[in-house]
Each structure stands twice: as C-alpha cells, then as structure tokens.
Amino acid sequence: MGTAAGDGNRSLGAVAEHKVNLSARRPFVEAVRTGLAETLFPDDPFRGFGSRPPAARAWGVLKYFVPALEWVPRYSLDKFKYDLLAGVTIASLAIPQGISYAKLANLPPIMGLYSSFVPPLLYAVFGSSNNLAVGTVAAASLLLASIIETEVLPEENPQLYLQLFYTAAFFTGVFQTALGVFRLGLIVDFLSRSTITGFMGGTAAIIILQQLKGMLGMKHFTCKTDLISVMRSIFHYRHEWKWQSAVLGICFLLFLMSSKHLRKKKPNLFWVSAIAPFMVVVIGGIFAFLVKGNEHGIPIVGDLKKGINPLSISQLTFTDKHVNTAVKAGFLSAILALAEGIAVGRSMALIKNEQIDGNKEMLAFGIMNIAGSFTSCYLTTGPFSKSAVNFHAGCRTPMSNVVMSVCIMLVLLFLAPLFKYTPLVALSSIIVVAMIGLVKVKEFRHLYRVDKFDFCICMAAFVGVIFFTMVAGLGASIGLSVIRALLHVARPNTCKLGSIAGGEIFRDVRHYPHARNIANVLVLHLGSPIYFVNAGYLRERILRWVEDEENACKIDGQDLQCVVLDLGGVSSIDNTGIGMLVEVHKSLDRRGIRVMSNTILIALTNPSLEVTEKLVLSGYIKDTIGEEWVFLTVKDAITACRYALQRSRSKEDGEV
C-alpha cells in the first residue's frame, strides 16, 4: 500500500500542517543509558554535578549518601530546642514500646531497649527524613517470631532463638542495603496500599488476641498465630486465668483509651497520649512492687540488667541447618519494614512539603539493621505511632533520634533494673491500645466502595493472616496484586473514539455517549504498551471492533472504509507487537479497508520516541503503510482519509 500511495505524498502531506518526526534516532548506547537512568535513577540525584569541580562533585556525592552532612552545618540552637522536646517525648514512648514488642517476639525485654539505642544514632546520620522516629514494630516482631519458632522454640533453646533473631536482623540489613545500592525500590512497590492495610489489620487483630495471655496472667500459650489456635489455647489454659491481672488490665486500658480520646478532642495535648504508656509502666511497676504482684496473680517482667548493648557479632549463626530460616525471616521482614518505614516517612514529609529519598531510606535502614545485629538489637524501622508523636512534638531534624538514643542510654546505664517490676499486663494493655488503630474499618469500607478488586486484595491479607499464617496472608495478597498487574498488561484497555466539540476533540464513546461516530471511519485508541503478552489479544480486539463497525455501517447502507489506530497511549512496543500491527494491516487490506497509524501530541496521545524508532527501523511505516499515513492528530488522519477517498472516487468517476 505504501508504494500505491506514493504518488499522493505531496497531496496528503498538504492536508496536515505538521508532520510526525520519523527521522529521530538515538544511538544504542544512549538508549540503554537513558533506559537504565530512568529505571534506577528516576529522581536523577546527581543532576548538575557535571559542571562542578572534582572536589565539589566528590563532596556532593558524599552528602548524598550521608544526609547528616547536609543539615548538621546549618543546625542551630533554635532547632535543637524543638528536637530536644521531641526526642524526650518519643523516648518516653520508646521505653514501654520497646519492652512490650520484645516480649511480643518472646525475646528478653532488655532487647527492646537495646534496639532503641544504636539504630536511631545511625539513622540520624544516614536517614533522609526529618520526622521518622526509629524503633521496633509490633507486626515485624510477630512476623519474625512466627517464622523463627517453626525452627526453634524460645522455651527449648533460648540461646539459639536469640541467635536466629540477630542473624535475621543481619540479613534484613543486607537485603535493605542491597535494594538501596542497586536502587531496586520498585520491589517494595509490590506491597500495595491495599496489601499493607489488610496485612496490618489482620496482624493487629491477632496481636490483640494474643495479649489476652498477659491480660489474664497466663503462663502457657500457643506459638501459632492463627485465630483458631489462639482461641483454643486461651480456653485450654483457662485454669491459669488470674482475675487480678484482668482487673488491672482493664484499668490500664481505660486510662490509655482516655488519653487517646483526649488527644483527638484537644490536639494540643498530644503529649498526654505520648507519655501515657510510660505512666502506665511507672504506675504499674510501683503498684506491683507495693503489693508484691508476682505473688498475687500479677506476673512481672523480671530482672533487667544495667549496661549498654553488648556485642553480638559472634552470635550470628550461618550453619546450613538454620540459615534458611534466618534468610526467610530477614527477607520478609526487610520488605515489610521498608514498606512501613518509607510509607510513614513520605506521609509525614508530604504534610511539611518536604521530600525523602526512598533509596536513601533503604540504605539507612540496612546500615542500622546490620549494625544492630552486631550490637544485640533485632529488626528496627520507622513505626507509625512513634513517628507521629515525633512529628506532633515539633521535631525539626533527625537530631530528635539522637536525643531519644541518649535518653535510652541513660536508662540502660542507670535505670533499667527499676523496670523489673513492670506488670506484664501493663505491656499487654499498651500493645492492645496501639494495635486498635491499625484495624482500619473505614479504609476497608472505602476500598469496597471504590475498587472491589482492591478490597479483595486487602481481605486476602486480612483473612489469610487471621485464619492461617502471616506469611500465607501476605503471600496471597501479593499474589492477587501481581495477577491484577498482569491482567492489566495482558488485557489492556482499548476503546472506540467519537468526535465532540465540532470534531476537534475525540473521546471514548462509552465515557461520552453524546460523542458522534465518524462516517465510514473507525477510530480506535490503544492505551497501553504493546508486548508479546497482549499482542494476540489486541489483534483479536481490533478485528472484533472492525467487524462490529462494519455491521453497523451496513445497517445504515454504508461501508467502513478507514481505520485509524490512535497510538497515543502506547509508550513502548516490542517485535511481537510490530508483527501484530502487520497482521492487522493485512487482514484489513483483504477486507478493502485502509489503515492509518495515528500519532498525537505528547501531552495527550503522542507515542514515545521508542515506538517511532522501532516502527521505522522495522520497516512497518515505510513498507507497510507509507510515511504519508502517519499523522500528529486524529483530526489530521480523518481529514486525510476523506481526502484520499474523495480522490479515489473522482478517479473512478473519471475512468467511467
């Protein structure tokens, strides 16, 4: 057809004032470099470095990887006043939370304090968020415990259990650092918001049920996390229930819930809610000491030794028998911790109109978890509750994490033994109140109303965590998310366009029912990249559109004479996709229908440079349709089609 239409090049060219640039070429090396840069460096962090002297470039790169070099030289006493208040406030929250989450993971309570000392110092140096407060989190604590307890139980071999936690933290740091170095943050994107909402909600529900052990003063409990096992364990050991713990727990719950309610009513009093857990620990400890609670149905934490973190690098275990469990726990917790930490940091930064670098955050989390595994810490990230308190306390820089770390150091050196009388029911109450806010019923309703598939993804995680295991729930939800993504690729959107606003604008006829059909012309919009995965579907879909349009035209006593393929939404195409276009062209040519490939302005529907290059290099444009049949706009294509049909009719009339 390209040769047949060659004589009309100038005539058709005159129809459109502007033509598509078909001569643009990129060298192969440049195309590869651009593709890698857009994939790995979408934020282009080193832009502008090329014009700087070598020393300035080196300093700029160093500041990029060590963000503290950026804000420390500009630090002032005025900022420190805010960071001091925020740091002391989050330290008062870190003490009870650290002890509580360590107990949740069946670890020695002191490890919760260790994990709030070293990691925050490192995050202050390498982290990019001014608002994130570092510490342990409930979901990751339970996830690690559920995986490691399949290998060894803490009651049977507490030393090996502890070693596997250190080793898992090491692998968590390695995975996170690798993702940051190779800038593979897109892996974290597979944890969609729906997945995280369902997973956190299901985990929170299970954690709340597990706290019945502490609320009822029980000594024995199941190591499984599913609802059936938890409920069976609660009633199986009902002879261990202690009414004293239950009464004290209800009092603590009422106090903590009241403090949260006060914060909602009067936001300026946020500090009351922030220090309430610490007050529960102090008041509970004093009460248990005075009444000798451990002898009267109120179990206590027990001895906490003084001193800062001992080195634990020698306790990392890499034996074949146990390393697989540590790697599995490290990888899953790494992804979960990154998703939560980066999401919290970004949400806080958005409020302050700031920006954080996800890859920097991965590096910071990785470094602090590797260092933490060497210093008796387990997994840490940026928990929402502590970061929210840090934000509302008025933090200005990561220095608030340093202040918190110094406070925890003083507690470890001088005050740790005082917390031995902390009632376990106090820790359970703190965890229950913290978890209630993670079951986001309003978000569930919102997902159901807006997107039913997203709701299914959310419920897969929620139900899977509650009735099976945390890993099963997370895996099922991610699996559904991936299936949905593949469906979007394999079954892309195509639509028929009609004209509105006097033929100047063309839109989907389903979206705009009043859009007019173009006589004798079918305009189809292809709205996705064309790959081997969807090429067959697109071929069948286009031909089906053509058949339907032909039948509609025959009813009106007309013939379908032109098909315009709007490639504006096609960002890329592979060889199979090009072959599909050739097959469609041949099929329509046999029907006697002329096909035109349409290209539109980049703001809306202009194909990418990659698509144009491949269509030209493959010979599709020159040998199959001809350069004169490529246009910038749908309007130009329709005008040219009508002009060609008019010339064809005039020629036939002249021959007659």
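Using the three backbone atoms N, Cα and C, a Cβ is placed for every residue, glycine included.
Of the candidate ranges 50-69, 90-109, 190-209, TrEMBL annotates residues 190-209 with the feature transmembrane segment. TrEMBL assigns the feature transmembrane segment to one of the listed ranges (363-381, 515-533, 591-609), namely 363-381. Contact between the transmembrane segment (331-351) and the transmembrane segment (363-381) is supported by 3 or more Cβ pairs under 8 Å, counting only residues 6 or more apart in sequence. Most Cβ pairs under 8 Å to the transmembrane segment (269-291), among the stretches 122-148, 190-209, 241-257, 363-381, 453-483, belong to 241-257.
Only sequence-distant pairs (6 or more apart) were considered; of these, at least three Cβ pairs between the transmembrane segment (241-257) and the transmembrane segment (425-441) are under 8 A, so the stretches are in contact. Most Cβ pairs under 8 Å with the transmembrane segment (363-381) belong to 160-184, among the candidate stretches 160-184, 402-419, 453-483. Stretch with the most C-beta contacts under 8 angstroms to the transmembrane segment (425-441), considering only 122-148, 190-209, 402-419: 190-209.
Taken through DSSP, the domain 'STAS' (511-641) splits into 64 helix, 21 strand, 46 coil.
The stretch from 122-148, 190-209, 402-419 that makes the most Cβ contacts under 8 Å with the transmembrane segment (453-483) is 190-209. The average pLDDT for the domain 'STAS' (511-641) in the predicted structure is 81.
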